[in-house]
Amino acid sequence: MRTFESVADLAAAAGEKVGQSDWVTITQEEVNLFADATGDHQWIHVDPERAAAGPFGTTIAHGFMTLALLPRLQHQMYTVKGVKLAINYGLNKVRFPAPVPVGSRVRATSSLVGVEDLGNGTVQATVSTTVEVEGSAKPACVAESIVRYVA
């Protein structure tokens, strides 16, 4: 876990790798809960029997579920001290190059693209994150997340 002592410390790290998460196993139960939360019950996600004969040979996590893992995975990599709160401001360049089969393990690696001073003690950080599937040549998700830190 990398600790930035302040938003100035964070800004000084622009262009650097900030960390890599632990491996996380994707379970069918988590996929089903995500399907319930989003209303996306497509068979490739929630019907293991049908999915076994489908294009991936098993059920797969939703792309948006993989994206939704970013906060969980990024919180393992770094923290910023001296801030009152961190606000998810949005995303850039989100792609899902490869599926995430249920039962597989994923982890993320993040780099700090840049930090912009917005004034009044607020900075906006752009973090590039790649989520990889263990044993896969292609990443499951590549995204830039934008976080505002209020000091």
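Keep in mind that glycine also has a Cβ here, set from the backbone N, Cα and C atoms.
The substrate binding site annotation in Swiss-Prot covers ILE60, ALA61, HIS62, GLY63, ALA86, ILE87, ASN88, TYR89, PRO97, ALA98, PRO99, GLN124, ARG148, and the record cites a curator's inference as its basis. Annotation comment: Swiss-Prot describes 11-131 as domain 'MaoC-like', evidence class sequence analysis. Residues or ranges marked as site 'Important for catalytic activity' in Swiss-Prot (evidence: a curator's inference): ASP40, HIS45. Residues or ranges marked as site 'Transition state stabilizer' in Swiss-Prot: GLN42.
With DSSP states grouped into helix (H, G, I), strand (E, B) and coil, the domain 'MaoC-like' (11-131) comes out at 33 helix, 47 strand, 41 coil. Residues near PRO99 (substrate binding site) in space but far in sequence (CB under 8 A, at least 6 apart, same chain), listed by position: PHE56, ILE60, ALA61, VAL133, ALA140. Averaged across the domain 'MaoC-like' (11-131), pLDDT in this predicted model comes to 98.
Pairwise Cα distances among ILE60, ALA61, HIS62, GLY63, ALA86, ILE87, ASN88, TYR89, PRO97, ALA98, PRO99, GLN124, ARG148, which the record gives as the binders of substrate, peak at 33 Å.
When Cβ atoms from all protein chains are considered, those within 10 Å of HIS45 (site 'Important for catalytic activity') total 21, not counting its own. Each residue contributes its Cα atom, and for HIS62 (substrate binding site) and ASP40 (site 'Important for catalytic activity') those atoms are 8 Å apart.
Ranking the recorded sites ASP40, GLN42, HIS45 by Cα distance from ALA86 (substrate binding site) puts ASP40 first.
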